[in-house]
Amino acid sequence: MKLTDSQKHLYSQYLAVTLIAVQFSFDTCVYLSSVVQYVKECGSDDPENYLFILQAVSAAVQVFFSFIIGDIASYVGSIKWVIIFLYFLSFVGNFLYSCAGAVSLNTLLGGRIICGAASSSGAVVYSYITAISKDRTTIFKLFSIYRTSAGICMALAQLVAILFALCDFTVRGYRITSYNAPTFASSFIILLICVLLMFVLENPPVKSARNPKNYLDAWKKFFSAGSNRLIASLILLWNMFLSTFFMCEVLYFMPIFLTLNVGWKTEYEGVAFMVSAVLGVAGSFFAPDLVKLFAKLNTPSTQDETDTSDNDKIEKEESEQKSDINTLHRNQVSLTIFALFVALIGQAFMIGASEALSNDKLPKTNSGIFFTAGLSITMLGYNFMGSSVPALFSMYIDPQVKVQLMPFIGAIAGVGKLVAPIVLAALYKTPLGLPIGVGFGMILVGISIPSLVYLRRNKM
């Protein structure tokens, strides 16, 4: 079957979005299963606290760059070359992180800071997607593919961690082990994909905005929107923050629980997170199908009209177009609400596994498996939201300032990555430990559902 030019172009867009997801996923996950042991190896006496510092500082840098990356792309006049530069930063950060054993403990932090800056690619991708397509359905599909690819790449990242965890050799006196070999491999994989992106990425036209007033005007347009539109945008930004917060529960508590409580090795942790990521991929993969399912369930039965004038037909077509937009909006909000309930189930599993282990109700291995099931379900909810929330947010943004403002949703996700380790570390130190940390996330999910019910009743 021969593909048409439009189909080739569409598949090229799919490939580009898939490749963009690699860096963000690898930087988030490859180091994760061995970080506690690596921190110990580099000389830290308090690996839990240093893990908090690594994640919080890296997230802070990501937040800072995510807020300004849209302005940088607008200033440069090219989203493509900004993404490629961020990929190169990721290569440098991972390589530096891998060399920490030969330099100092703080080299770990330096590498993660650079990777944090590179992870602002997770924000600029929203500008890229909305710049290369104007069709709302295609945009939602691209967001779903991005989240699906990110989930698959998270699983592949753990496969890299597992395979290279078997390494144990020296190069000119420097020892390559399971602690740094995966990030060495990751750095060169990212460099290779950086080269591929030079040929695959489109370079959509971006209006160069070198006057600082243009950035202020973009923010003024956002906050001067109608009250319904502004409230809806703020609700969606909150839910993007929330989705990242319970994603960070997975990233923060997984190495702590499985390493320090269950006692699993790096390879077993890698398998656990790979399973969670693969199962979580179903969230973004089936998101478009769920939206269609919600549409079928909510579509009222209509009777055919036999006699209609031309004017009536035109009015009917216009009415149907508005109805289609409102239906898509309503069904994507329904998907977001569904995602929150899925996340609640996963968080309940995580608490149950921790309580079962602490009260000797389950053996360590069984508790680890039960905890991994909770991780998987939570990741499923996260990926549902990762597909629906950005697509909804793009509906409320003025097309003239999308390049500058769409990364804002990635920046808010970065705020979630920054706040989560601070809050979770503080709660983990209390007598209740992990259960109160995860339980706090469940409370946030619970209080967020009414705002989405309100949003579902709104019309575009």
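Heads up, the Cβ atoms here are built off N, Cα and C, so glycines get one too.
The following features are taken from Swiss-Prot:
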COMPBIAS  310-323  compositional bias 'Basic and acidic residues'
REGION    300-323  region 'Disordered'
TRANSMEM  16-36  transmembrane segment
TRANSMEM  50-70  transmembrane segment
TRANSMEM  81-101  transmembrane segment
TRANSMEM  113-133  transmembrane segment
TRANSMEM  151-171  transmembrane segment
TRANSMEM  181-201  transmembrane segment
TRANSMEM  240-260  transmembrane segment
TRANSMEM  271-291  transmembrane segment
TRANSMEM  333-353  transmembrane segment
TRANSMEM  369-389  transmembrane segment
TRANSMEM  408-428  transmembrane segment
TRANSMEM  433-453  transmembrane segment
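A contact between the transmembrane segment (16-36) and the transmembrane segment (240-260) is present, since 3 or more of their C-beta pairs, 6 or more residues apart, lie under 8 Å. With a cut-off of 8 Å on Cβ pairs spaced 6 or more residues apart, the transmembrane segment (50-70) and the transmembrane segment (333-353) reach fewer than 3 such pairs and are scored as not touching. Only pairs six or more apart in sequence are counted, and the transmembrane segment (181-201) with the transmembrane segment (81-101) gives three or more Cβ pairs under 8 Å, enough to call it a contact. For the transmembrane segment (240-260), the neighbouring stretch richest in Cβ pairs under 8 Å, chosen from 81-101, 333-353, 433-453, is 433-453.
Under 8 Å from some Cβ of the transmembrane segment (151-171) lie the Cβ atoms of residues 21-22, 24-26, 28-30, 32-34, 177-178, 181-182, 184-186, 189, 266-267, 270-271, 273-275, 277-278, 280-281, 283-285, 379, 383, all in the same chain and six or more residues away from its ends. Residues of the same chain lying 6 or more positions beyond the ends of the transmembrane segment (81-101) and with a Cβ under 8 Å from any Cβ of it are 20, 23, 26-27, 30-31, 38, 41-42, 69, 72-73, 107-108, 110-121, 124-125, 128, 174-175, 179-181, 183-184, 186-188, 190-191, 193-194, 197-198, 201, 203.
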